[in-house]
Structure formats: structure tokens, C-alpha cells
Amino acid sequence: MAWRFKASKYKNAAPIVPKPEACIRDIFVGSYQTYGNNIAASAAFIAFNWEHAGSSLAVLPIDDCGRKSKTMPLLHAHSDTVTYLDFSPFHDGLLATGSQDCLVKVWHIPEKGLEQSLSTPECTFTTKQRRVETVGFHPTADCLLYATAVGWVSLWDLTTQQEAFSNNEHPEVIQSLSWKQDGRLCVTSCKDKMVRVLDPRASAPITLAAESHQSIKDSRVVWLGEQNRILSTGFDAARLRQVIIRDLRNFSVPEKTLELDCSTGILMPLYDPDTNMLFLSGKGDTTINYLEVTDKDPYLIEGIRHSGEQTKGACLVPKRALKVMEGEVNRIMQLTSNSVIPIMYQVPRKTYRDFHNDLYPDTNGYKSEMTATQWLNGANTPVPKISLDPAKREHGDAPIIPRLGPKPFCSTGSSGDFSFEKVFNVPAVPGAEPGSDKESAALPGPTVGGSSAPAEKNGNTLTVSPEPDEPKDDSPTEPGKPEPAEPMDQCDVETRTIPHAELRKIFERQASSESVDQFDATADDAKGQFERLSAQRTSLAERRRMFESRSQSVQDGEKASSPTPLRRRESLKVRGEQKSCTDDTDLMPPPPATDFLRNRSDLSKENMPDIVKRSNSTAGVSTVASSNNASANNNNNNVASKRTSTVFGRVSKFRHLKGTPGHKSTHIENIRNLSRQIPGECDGFAANAARVAVPIAGAGGKIAVLELNDPGRLPDGVIPTLVNIQNIMDFQWDPFDASRLAVACDDGSVKLWRIPAGGLTEPTNEPEAVLVAHADKLYTLRFHPLAQNVLLTASVDMVMKVWDLGTMEEKCTLHGHTDQIFCFSWSPCGRYGATVSKDGRIRVYEPRQSSQPIGEGTGPVGTRGARVLWALEGDYLVVTGFDKVSERQIYVYKVADLSAPMGMVGLDVSPAILMPYYDEDSSTLFATGKGDSTIYCFEITDEAPFICPLSHHRCTNLTQGLSFLAKNQCDVAAVEFARALRLTNGTVEPLSFTVPRLKVELFQDDLFPPTRVLWQPTLTAAEWFAGRDVAPARISMKPDGMDTLSSIQPTVTTTPSKKSDTVLMTQGIHKPFAKAPEHVQEQIKNAVSARMSVNKKLEQDSMEGVDEKEWEE
């Protein structure tokens, strides 16, 4: 046993964490329920999941560092979460991805990395509606891809684009797969608590099987290099994390079992076969364990443990990318929630001037002479070894960057031999002459990623991603001469992204050639304003105002020629088997050029329709026109124009909104025993202009009603309450009567309470009226927003009823739900209603016309709870809910098309249901949940990205409920556009949302359009049930005696001194600094006078003088 005392060369390998400047920072990583590591690395690149959805990947150079922008180029890989990703061991630019959308895609990363977003794969394979769990490349055979989906193991030959092997003998989901280093065998871990060894080339693929970790939770397995041993990680029956080593010669009995801690994160084993170093990094852990694997007892020798950031994923960097002249023996790329940290493991040595040969044995190289076909036919050619000594490398000290192919994948001829010269040929230059050597080198066959696709035959599951025909060369061709033919092997057609600066230049050139209808100045004069070096060139602010003054709506046809087509293949889960895998309709229409300004998590769950309606931003104001007006304005819209938000980005007037709590003297304090048993369908707090309703814990369904005109600390005695006897399910104030409260109970009844003037003085259990609405308990109730005495109730029996409270009669019954109803919302016009339910569906009803939904679509997949409300004058729906991993998300749907959300924003992982409120005048969405300390604020628009973040409001304590008041309660003079009441653990406090403005003494008519009167009934219940629809009246919010901001806007002098001023004036554009000095002085004088009171009394008038007799002396 003398070997025990022989120290390992890697025993003292220590982790070295770089400074923050050397890390990749400010990235956006979500929490993904996958069996993958969420990050992969080659010798040239690293790739990791991006945003909360995880359907896109960020691909960066291996040595990249620094802060990353939200608008950086991404790999838009799939329409659902990417579950696994892996680089080829022989091509640093070849990336394979698998996803929950049941697709496996292979991507080619350009040599310089992603300079623009990429959405077109080299080839696509489908797993036939089975979620892909793992994907990767064979360790010795080039262009051989493997993937697992549920209980299937599949191998694909990329050069022939055919499935070479398929096995479905696993009864449960395969959680992990690892190959032996020589490529002969592979091992899998399965959810049935078994580990199996497979030989895909044998007649009976499963050769060995044994019981593994006894927990149904995740497990991982890795083959220990070329040894006949495997290592697996998982959980035992007591849910302790466990590491097991097995020898194939005695497979059923573990060679070593190591029990660790009871943490819930699965241990990701990262094993280096050259040094036998094993790194165990658990998801959610802040530590990374280093152990050395030996072939004798104790088998696992613990090294120095690293403690740092919480881990979202981890991977090892290939040995070829290590800094061998610094003693680096391994490098872990640790993925956290907002950074990628390269952790170097360095062996201490006295000097690093020389190459330490004992630390770096020869490792597998980056060239393989064995093809997939040869391996499938029984060949076992090992990968040639290479030395890491810079003196022996072909490029010396330079890092080894191998060929980035194969690109494109070309199938072999019927009788031709396989040739890497054909697989790794360089694509012909666009516009190359026919008959050139590069063109003739391409073999006949299907083009992957091109416009032609191979026919599906013999059960082949390959799907080719077609590309639209796009011009490859901008050079003009001679009349009558056809353009050069595009080579068949050209499969990396890339679309060029036009940056904003270039878009601005294009727009300026278009502006100089506008028609006389829009510019009275001559073309030459207009061109002089936009010349880059012209002395008369206007400033950026002036150009912005000019663009805003003539902003037009972008028509549907204009978006079809967007320079940044981000195509998205629809998920197979949605499409089903009835759709052909090579159908061109799978591709999404090209999105607008503003997509680079959007939240990237939106791309995974939305279609990009061409919708332009209305916006509250100053960067692109457009209105909806009727069909007649649209046809009448076609001539004007023919002029090339761009929305200013495309050029400058969206700038909302409410982006700097400020939430301010009311003074403590306005708070209601000492509220005790708040009820925590309110159902998720109820918001748990309701308020109007006079009083608030708060549920109180205890038997009897108590609701405390507190008067807002009597703030302060409540006495310690009994609080006067409404005793409903049954449990409370939901409650709401009558929008037209501040003294009437409707309460839904679990016995199916609705109790209508009348609050006396001055408030409650004692507990009462006698409601004004009781409506027996349903036989089962109620879910929710909603008053009609326009008609008086109209109430909707929804019950456990999945039936909704509309009642006339004047006669207490049931008028309408609505059916069509198959599961629990989460929420109901009336449309602004009062004709329609929308619901979201536990079955993941959104439904739109017209109660007076049909008992069945008139529209239906897919909603949030989470079953925890959801909310729905109407936005943008009833043309859109805003839905809050959860995804599969309990991440809270906000969706925007167009009512006319509920098949897919228009936009989506992911927030965080929390069990609290987001309760939204929408202010229709400002198009601002407020959302928060019970127990949250943040009120999220967004602007809802009718153009991408549809959900624009504003300044969120952070509260000093946790929120238990939030209720907004009617618009007439806002202090418009203080630029308050929304007022709410917030319930905390023991208080009710007012909350004011304002917009910072300089001239607060003026009425901000750009922020306060005429508002609808929703605090008074528009029509009676009888009129509404008779089919009458009356739009509510609109009133101005301007207080008496205030001037409007627009009425005092300064006008420009009509005597310009320069030609440029003349041109701008003829175009109706005002220069911001072209003001007369007298006018500026008068404006300053008026502004100061408005803030200060005028007193013409002299100071000496109030002084007492001496007696006149004293002057005589």
C-alpha cells in the first residue's frame, strides 16, 4: 500500500477565480428544468442558454469578457427551451442543440463568432414529438450525432443525413448518456433507477444493466475515459446526494459509493480522462468539489474545494484551449444567473517559464480519419494523440484553432467514396462563375439549409430548414444577362443586419427625396440639410422632431422586406404529425427591424405579426384607421417612411414614472389578523374612493370595511366587520355605488352588503340581499363596467352566469370550460368577456349572443393561477401566468388571433400570482403579487415588442394587496396619472404614480387625454340585456384655471436669418433654439411669477416712525 503515500501531481491543484473584469457579465440566464448543463465550450467558443425562456443561445469567443448588451447577436435556436447543447470535438464551430420542441439542430458558428443573430441551422432532425433530453457528438467518428428523447436513443450520420441507429428499450426517460473514450460503447442513466451499457453496433444493443441510485430524481453518468469503469451521480433513498463508481467486470455491484450532503441540486460530473480530475458542481450550489479518481481504494481523493457564486451550469474547456505555460491543468466555465466565470485550476510550480511535460500527457487531437459510415461498419480507429507542448504544436504558441467545418454537409454519391475534401470544401463566393472549380466540387444531393430539401423516405426523420430566396450579391447585372448561378453547396446564406446608424442614414437619404406633398422645399435644399459635412446640417434633436412630426404607420407589406428576418420554426408539439416536416409554412414572417431592441425571451413564445395600431411613445405615434380610411390613404403611404422607434428606439412618456407613498397621516394602521386563506382567484383587497375592504382571519368569512376619510391607528378592540358565515371566495365593490359590496361565498351564494354612511360601527351578519347563484362554490364575480346592476359569477361547475341584480334574475349562461376558471374580465365596450382557465386556454365570449366562446386560444401552461384583462381599446388581451418552471410571465394577445402571444416578458420565479391593473389612458400596466416588494410597470403597445418596461416601483415592505382608484381621484395638477391603495401586513397606504415634469403649473394635456367616465353608469341593466350598447362619455381632466401645456408652446419667428431656417419652416418643422430673446425673457418672467406670489406693499409702510415732537427738538 505504499502507493497511498505517493503524492499526486494534481493534489494541490487550486482554483483561481479571475477578477470581475475578466468574466462575462450582465447576461440573462433563467432557471431551466432540463438534464443538460446549460453551457458548452469548444476550443474557440462558449455557448449557453439566454433569457428566462432559454430558447435562444449566446455564443461568444472562449476568451471573451466584459459586460454584454441585451441587443447582442444571439443564436435563435428553437421555439422552446434548449435542453442540451454540445460542440463537436473535431470542429470548434459545429454546435448541436436539442430542445423541448422535439427538434435537434446542427449549427455552424462563423470563424469570427456571431456578428449578427443566426436563426437558420445547417440541418434539422425531428424526434417525432418526443422532447429531446440529450444530444452530442461521437468521440471518435466524425459527423456522427447522437440524441436521446424519452426512452429512445438515436444516431444520425450528418454526411448522409440519415438515421443510422434507433433503440427504444428504455422504459423511462433517459436522463444522461456518455461514451467511452474509444467510442465503442456508451452508458445511460434512466428514470427507472437503472444504468445500462449499450453497444449500438451489436444485434442486442443493451449489454449490461444494473440498479443505480434509488431516487427518482435526476441522475448523471460519465464514462471514465478508456477505463472499463463508469461514474454516476444522483440521490439515494434518503435523498442524499450520491456518487457511485462501477466496474464493467462486476457491473451489478458498485465499486465505490460516496454519500455527500442532502442538497437538492443534481451534481454535474465533469471528468478529465487525461488527469483523472473530477469536478462535481451542483445546480444551485455555491461550491465546486474537486476529486481525483484512482483505480484503487479509496477511489476518490478529495482536493481543494472552490466556493463562489451560485451555479446554473458548468462545463470543462477542451485541453487544447488551456494556458499550459501558466500551469493550467483544467478550466471550468461556471454559468451563474448573470455571468460566466472561467475558473482556472493551476498546479503550483516554482516557475512557469518551461513547459511541464509531466502535467500534460498527450491528449486526443482534433482530427479524425474515421467517418460515421466506417464506424457503423465496425471500424474502431482511435483519434490521433497530440502534444500540448507549444514547441511541438503546428502553430507554436498560438492556440489551436481547427477547421470550422464541415460546411456544407454533402451526401456522398451512389458509388463515390467518402472524401473530406468534399465535406470540408470552402463554399463558393456568391456570384462565382458557373463551371468554376469550387462549384464543380459540390456533389449532387440535397442542400441542407438551402432552398431545396430531400424527400422523406424509409422512415427518415430529417427535416430541412428552407430559406427564402434572397439576393446574394448587390452588384448590378447587365441587361439581358442572367445572374450567376448559386452553387448547390452554398448553405450558409446569412442575412445582413442593418445597424441603427445606417438606418438613420438611409432614412435621411429618403427624406431628401420625399414628394412635394410632404415638403414644400426643393429637393436640393432638403438634401443640403442632411449632408454629412454640410454646415446647415441639423442636429440629432432637430431630426428627431422632424421624424416625429411626420411619423406614419408602417403597413403590413412594408415589413415583409425587413432586413433582419428572424425565422422561427413552429414546435412539433403544436403542429402535430399531420404537417410535413419540409413545409415552407413553418417559417415565421420576417419581424420588424426593431427586434434587436426587444426582450430576447419574447422570441421563443410569440409570432411576429405585422400589427401597427396605437402607441403612447414619443418615438412613434400612430393611430388606427378604419378600412375605408386605410384604402383612401394608400397613395400617401406609398412614400418610403420609417417609424421613428425603428431609428431611435422607443421612448415612452411614462418611462420615468414615480411611485410615491402617501404621508403617514393618511395611512390606516394597526390592521390585525389579515386572512391568509383567500383563494388564488381573489385579489384579496378591494378599494374605492370612500372605503376599503380587507378580509379578516377566523371563522365566519369576515371582511373589515375601513373608511378612508378616517385614517390613523385602529383601536385594539374588535374591528367592525361584515360576517358572511361562509368562507369568502371573492369580493368586489360596485363601480357605480361606493357603499355596495358583493361577496361570493363557497356555498354558491352572493351576498350584497350596504355600508351605511359613516361606515360600520359594529359587526353585522345581515346583508341587504342574497343571490343564490350556483349550487357549487363560486370562483369569481365581476360587475359590468358600463351597465348598472349587471353581475357575472363563475362557479366550480365551470358555468358562468350573468345576473340582473335589479330583478335578481339569471339572464345569460356561459359554457365551454373544461377546467377551473382562473379569471374573467369584461371588455372596455362591455360587449365581450375573456377568461383564462386551468386547462391552459383563453376564451372570449359575447354573453348576449352565444353561450359558447366565440374565440379560443392557447394561454399560459402553468396551472398555479392566471389573470386576464383587456388593453388598447379592447383589441388586445394582457395575460399574466406561469410557465413550466413556475416563472411568472406576462403575455399580450391580439383578440382577433389567440393562437399565439404577440409578446411575452418573463419576470422571476415566484409562487405569487401576478395581479395586473391596466390604465387605459396611459396604456400602463401595473403588476404585483402577494408578498412582493416590487410593482412592475410596463407600457403596452401595438407594435413589437408590445410590452415595454418602465421604471418599476420598489416598496419598503411587502405588498399583500393593491387596488387602483378611478381616474377622477387622480390629482392631475400634480401630474398624477394613477392612484392606488396598497395593503401591507398591517396598514393601508395610498400610493401615487406621477410623471416628472418641469412646468407642473400647466395641465399636461399630452399625458391626460379625455378620459372615459367609468364611475357613473352608462346604461341600465334592462337596456344592456336588450342589446343596446352605449359608449361612455369622455371628459377632460383639466382643472379649472390651468393652462394647457400645448397652448403656450412657443412659436418660431417668421423672419428666418438663414436658408436652413427657411427650409425647416416651409416643412413645418420648428428649430428648438430659434426663439427671440424677448420671448425667452417673457417666458422666464412668467414661469417665475407663476411660482412666486406678488406683493406690492413696501417694507417701510409697516414700520412705526418716531413722534413728530421729537423732530422739533
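Please read every residue number as a count from 1 along the shown chain.
Keep in mind that glycine also has a Cβ here, set from the backbone N, Cα and C atoms.
Here the structure is a predicted model, which means the values were calculated and not measured.
Features of the protein shown, as given by TrEMBL:
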type     : residues : note
COMPBIAS : 567-582  : compositional bias 'Basic and acidic residues'
COMPBIAS : 624-640  : compositional bias 'Low complexity'
DOMAIN   : 4-66     : domain 'DUF1899'
DOMAIN   : 647-712  : domain 'DUF1899'
REGION   : 430-492  : region 'Disordered'
REGION   : 537-599  : region 'Disordered'
REGION   : 615-640  : region 'Disordered'
REPEAT   : 75-117   : repeat 'WD'
REPEAT   : 771-813  : repeat 'WD'
REPEAT   : 814-846  : repeat 'WD'
DSSP-assigned states of the domain 'DUF1899' (647-712) in counts, ordered helix, strand, coil: 5 helix, 23 strand, 38 coil
Distal contacts, the repeat 'WD' (771-813) - CB-CB under 8 A, six or more residues away: 679, 681-682, 729-732, 734-736, 742, 744-752, 819-826, 828-830, 833, 835, 845, 847-848, 851, 1014, 1017-1025, 1030, 1032
Integer average pLDDT (0 to 100) for the repeat 'WD' (814-846): 94
DSSP-assigned states of the repeat 'WD' (814-846) in counts, ordered helix, strand, coil: 0 helix, 17 strand, 16 coil
Tally of DSSP helical, extended and coil residues in the repeat 'WD' (771-813): 0 helix, 25 strand, 18 coil
DSSP helix/strand/coil residue counts for the domain 'DUF1899' (4-66): 5 helix, 23 strand, 35 coil
Residues of the repeat 'WD' (75-117) by DSSP state, where helix covers H, G and I: 0 helix, 20 strand, 23 coil
